[in-house]
Each structure stands twice: as C-alpha cells, then as structure tokens.
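A quick write-up on the structure given underneath.
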Amino acid sequence: MVDMIQMRVVAVLLLLMLGLATAGLPGSGSDPKSSRRLAPCQICRVLVTSFNTGIERTAKGHYTGGDSAWEEENKKTYKNSELRLTEIQEMLCSEVSVGKDHCHEFHINNEDLLEQWWEEVYRFAGEDLDSWLCINQLKVCCKDNHFGAECLPCPGYPDSVCSGHGKCKGNGTRKGSGQCSCETGYAGELCETCAPLFFQGQNDGEPISCSACHKACKGGCKGSGAKSCESCKEGWEFDEQLECIDVNECLSEQRKCKNTEFCQNMEGSYSCLACDFACNGCFGDGPDMCETCAEGYTRQGKICKDNSIVERQSQMNTTRYLTYCGLAIVSLIVLQKNAALASVIGVSFGVYIAITEYLLTG
C-alpha cells in the first residue's frame with residue numbers, strides 16, 4: 001500500500017516538473033499575434049485607438065447616487081473625472097489582437113502622459129490624443145500626408161498628393177523617403193504619367209487616367225483595342241488592317257508537340273495536351289481522334305477500342321445470336337404441337353429480340 005502511494009506521488013511530481021519545463025516554450029499558450037512588436041508610430045496609434053474606444057464605452061457612465069437628480073447633476077463631473085480615466089485605463093489594450101503585449105508595455109511607459117493629457121487637455125476640449133501624444137509629445141508620428149523626422153509634406157500636398165494615383169512612402173510616420181509609390185499603370189515622380197503598356201484616356205481637365213493596353217500589344221499603344229498597338233507580342237501578328245490577331249501555332253507545318261501529344265491553340269500561345277491512351281499519335285482529344293491505334297487497341301469505325309473489350313463484345317454477340325437461334329428452335333417445336341401457342345410465343349420472342357437489339361445499339 002505504501003509503495004502504491006509513493007508511486008503516485010512520484011508520478012504527480014513528474015507531471016508538475018514536465019508542466020514547468022514546457023510552460024515557457026514557444027507555442028505553449030503564447031499567441032504570436034499578441035506578442036508581435038509594432039513600429040513606434042503604429043503602436044502609439046494602437047494605444048490611442050484603444051483609449052478612444054474606452055472614451056466611447058464610458059460615455060454614458062456616471063457616479064452611483066441615491067437619487068436621479070443628484071446623478072444628473074454629477075454626470076458633468078464624471079465626464080472628466082479620475083474615476084472615468086481609471087475605468088478607461090483598466091480596459092486599455094483588451095480589444096487589441098495584434099501587438100497586445102506591446103500595447104500594454106507602451107501604456108505602462110506612457111501612463112503619466114495619458115494622465116497629463118486627460119487633466120490638462122481633454123478636460124478643456126483641447127487637442128486630440130493622437131496629435132498630442134503621438135505627434136507632438138513622443139514625436140513618433142506625423143499628421144496625414146506628411147513624412148520623415150521633420151514631418152515634411154508629401155509630394156503634391158495638399159491638393160493632389162502623388163496626383164491621386166499613389167501613396168507617399170512614410171506617410172503619417174517619422175520614417176520614409178516621401179517618394180510616391182504609384183498605383184498600377186502610373187509612373188513618374190508624382191505618378192503623373194502612364195506606365196509602359198498603359199495609355200492615357202480622355203481626361204477633359206480631370207486628373208490623368210491610365211488604362212491597360214490590349215494584351216496583344218508590345219512596346220505600348222495609342223489607345224484601347226488590338227488596333228492601337230505599336231507592335232505585336234510573340235504569338236500575335238498584324239493583319240491587313242494593322243490589328244494584332246492571334247497566330248494559330250497549331251497550323252504550323254513544324255510539329256509543336258511530341259508524338260504522344262496534340263496541339264491546342266490559345267490566345268498568343270499554344271499548349272500540348274496528352275493524347276488518349278488508345279492513340280499512337282493524335283490530332284485531338286479522345287479515342288476517335290487517333291492517327292493510329294496504340295498497341296492493344298483496334299480501330300472500329302472511327303474509334304480505337306481496347307482489344308479485350310472488342311473480344312468480349314464479340315463473345316457477347318456470339319452468345320446473343322445463339323440465344324436467338326435457340327428461341328427460334330423452341331418456337332418451331334411448339335408450332336408442331338400447338339399453332340396458336342406457337343404464334344404467341346413467336347410474337348413474344350420477336351418483341352424480346354427487338355427490344356434487346358434496340359437497347360444494345362443505343
């Protein structure tokens with residue numbers, strides 16, 4: 001009995017030691033998203049967003065009192081109270097998924113600044129928390145459409161940053177070069193021109209608008225459609241109207257595919273697809289498109305069929321015809337005994353044979 005108790009104690013101790021050993025390992029309960037570190041401006045704005053969420057959550061809060069008149073009078077006091085600030089800070093970062101641990105750390109490091117903003121700015125409807133904390137106090141962010149250590153304006157600010165077709169690198173942060181990162185189809189320092197293989201449409205005084213050239217075009221185009229190409233890509237060629245049309249490579253005298261494949265044309269190209277197993281060379285898909293039949297296959301009509309299936313069908317046909325002959329002999333024997341009965345049997349056999357042949361020939 002004592003030995004059993006000792007064994008159980010040892011087992012419990014081993015389990016506890018195993019739990020302690022694995023508690024700090026990656027993946028043992030820690031969330032990769034929660035522990036992710038964010039950029040300085042990003043984490044500051046995550047905290048600000050969480051704080052503003054807390055302001056909204058406590059907007060209808062108030063002190064608890066004995067009568068409604070007292071509560072109504074004290075709502076104004078609660079709005080700017082330390083109690084409300086405490087309630088907001090208790091829930092800070094709780095709704096954050098990516099960077100939650102970093103958010104809590106950032107909150108602890110800047111708790112005094114949050115209290116200062118609450119006491120000196122928020123109470124007097126002053127500057128918003130993002131501008132006060134992230135831009136002016138910690139200097140980790142810039143206002144929108146500004147970038148870099150000095151928060152310089154992005155190209156084209158304020159009316160048309162990057163011509164409305166790109167983003168300023170480092171926008172809103174103390175990082176970045178401020179260069180325009182253009183949308184697809186636009187180029188230039190201010191994204192003010194069309195990229196290669198794009199053309200400028202009619203803008204009628206509006207900002208530039210670029211559209212993609214036809215897929216057949218090479219080296220640019222003057223407008224939409226295959227007639228506007230400067231030249232044609234490989235797999236396309238100009239026709240008499242100078243329109244780029246698809247070249248059907250499968251019609252070329254030079255074989256494009258292996259003997260076991262057939263050519264299928266595509267716009268601007270072609271593909272080689274495997275022939276049917278029944279074929280030894282083919283010009284299309286299926287056993288009816290074979291040049292010759294593969295070993296073990298025999299052509300019946302236009303279709304190459306498996307020899308084993310052909311042989312089985314031949315055996316089935318022989319059996320069927322022998323069955324018909326047997327039925328005919330039975331009818332003749334019955335006819336000698338009873339003509340009326342023989343006629344009924346003969347009609348029945350005839351219907352049976354007709355239906356059978358109809359179903360077999362499909």
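Every residue, even glycine, has its Cβ placed from backbone N, Cα and C.
Taken residue by residue with DSSP, CYS182 (disulfide bond) is part of a strand. Using a 10 Å Cβ-Cβ cutoff, CYS182 (disulfide bond) registers 21 neighbours. Annotation source TrEMBL lists disulfide bond at CYS182-CYS191.
Taking DSSP states H, G and I as helix and E and B as strand, the domain 'EGF-like' (152-192) has 4 helix, 11 strand, 26 coil. Under the heading domain 'EGF-like', TrEMBL lists 152-192.
Annotation comment: TrEMBL describes 1-23 as signal peptide.
Among the features that TrEMBL reports, transmembrane segment is placed at 339-360.
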